[in-house]
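Here is the structure we will look at, set down as structure tokens.
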Amino acid sequence: MKIGVLSQFPELYSTRRLVEACESRGHEAWVINPINCYMNINSVKPSIHLEGEEVPMFDAIIPRIHASVTFYGCAVVRQFEMMGVFAANDSISIARSRDKLRALQLLSRKGIGMPVTGFANKPNNIPDLINMVGGAPLVIKLLEGTQGIGVVLAETRKAAESVIEAFLGLKANIMVQEYIKEANGSDIRCFVVGDKVVAAMRRQGPEGDFRSNLHLGGSAEPVKITPQERKSAVAAAKAMGLVVAGVDILRSARGPLVLEVNSAPGIEGIEQATGIKVAEPIVEYIEKVVAARRANHQVIA
């Protein structure tokens, strides 16, 4: 097969591992920067171009769309979909997961456990918003934040009111979440491919920081997840429509709570923490889907 890896960063570990996994299984891998692509949108032969030339027809693409370019990146993925290319994470699923509020609403609709979350637009709603999530301490998150940036722990009601007022004064979209004290600054990252959790690690925030993101200096170790945690992770990915997902879960007194569903989960951290190769299962999944699509096409023909 010819597989395109859509990434702005060919030198990144995640990109290199995906290329390696494709090639080790006998496939041709191309790294394409989606931001440098441009599209010919027509009803006869839609195409994608790069540096004056038409991009070759791929059997499948693996999107690694950075959060800062979600809109354009999703447009490129959608163009590939229009051309009949299988996307391991389609444009709709990526867009769903990137909208943090919409993602939580989808999880809520499916009955998947998550922290109680409030969302408001007016300063006069702040007192009720704080009560909604059980009072302080509570967590305040910028909807546009990534990798732990724009996440604040307000330890008192007064601090919460001040931070929320400041964000709303800046016209920033924020959500307020209950603080899960028993998680003790750690979470579990489940790496989901299809309907399986292929690896899981426990991430612990640095001393004095409740955020467990590895980019912020957190540590990671392999973890054995419970059947309920496994079920929640797969269900959360499915709720977004994602084939490949990093699902972040908190262990709470009332069971697993899904914090976030990531459509382009990092590969380096989880492979190094667990010793499990997660890039290969992605390629194996693609092989099965493309083979089934070809068989179906032959039957129809």
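Placed from the backbone N, Cα and C atoms, the Cβ positions cover glycine too.
Since we're looking at a predicted model, the values are computed, not measured.
Listed in Swiss-Prot:
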- Lys141, Glu178, Tyr179, Asp187, Arg211, Ser212, Asn213: ATP binding site (BINDING)
- Asp248, Glu260: Mn(2+) 1 binding site (BINDING)
- Asp248, Glu260: Mg(2+) 1 binding site (BINDING)
- Glu260, Asn262: Mg(2+) 2 binding site (BINDING)
- Glu260, Asn262: Mn(2+) 2 binding site (BINDING)
- 104-287: domain 'ATP-grasp' (DOMAIN)
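What Swiss-Prot annotates, mapped onto the structure for a quick look.
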| residue | record | DSSP (3 states) |
| --- | --- | --- |
| Lys141 | ATP binding site | strand |
| Glu178 | ATP binding site | strand |
| Asp187 | ATP binding site | strand |
| Asp248 | Mn(2+) 1 binding site | strand |
| Glu260 | Mn(2+) 1 binding site | strand |
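In sequence order, the binding-site residues near Asn262 (Mg(2+) 2 binding site) (Cα within 10 Å of its Cα) are Asp248, drawn from Lys141, Glu178, Tyr179, Asp187, Asp248. Applying an 8 A CB threshold to same-chain residues 6+ apart, the list for Lys141 (ATP binding site) reads Lys100, Gly150, Val151, Val152, Ile174, Met175, Val176, Gln177. Asp187 (ATP binding site) sits 11 Å from Glu260 (Mn(2+) 1 binding site), taking the Cα positions as reference. Note on Glu260 (Mn(2+) 1 binding site): other Cβ atoms within 10 Å of its Cβ, all shown chains, come to 20. In this structure the alpha carbons, written CA, of Tyr179 (ATP binding site) and Asp248 (Mn(2+) 1 binding site) are 15 Å apart. For the pair formed by Glu178 (ATP binding site) and Glu260 (Mn(2+) 1 binding site), distance between Cα atoms is given as 14 Å, rounded to the nearest Å. Its Cβ placed at the centre, Asp187 (ATP binding site) has 25 other Cβ atoms within 10 Å.
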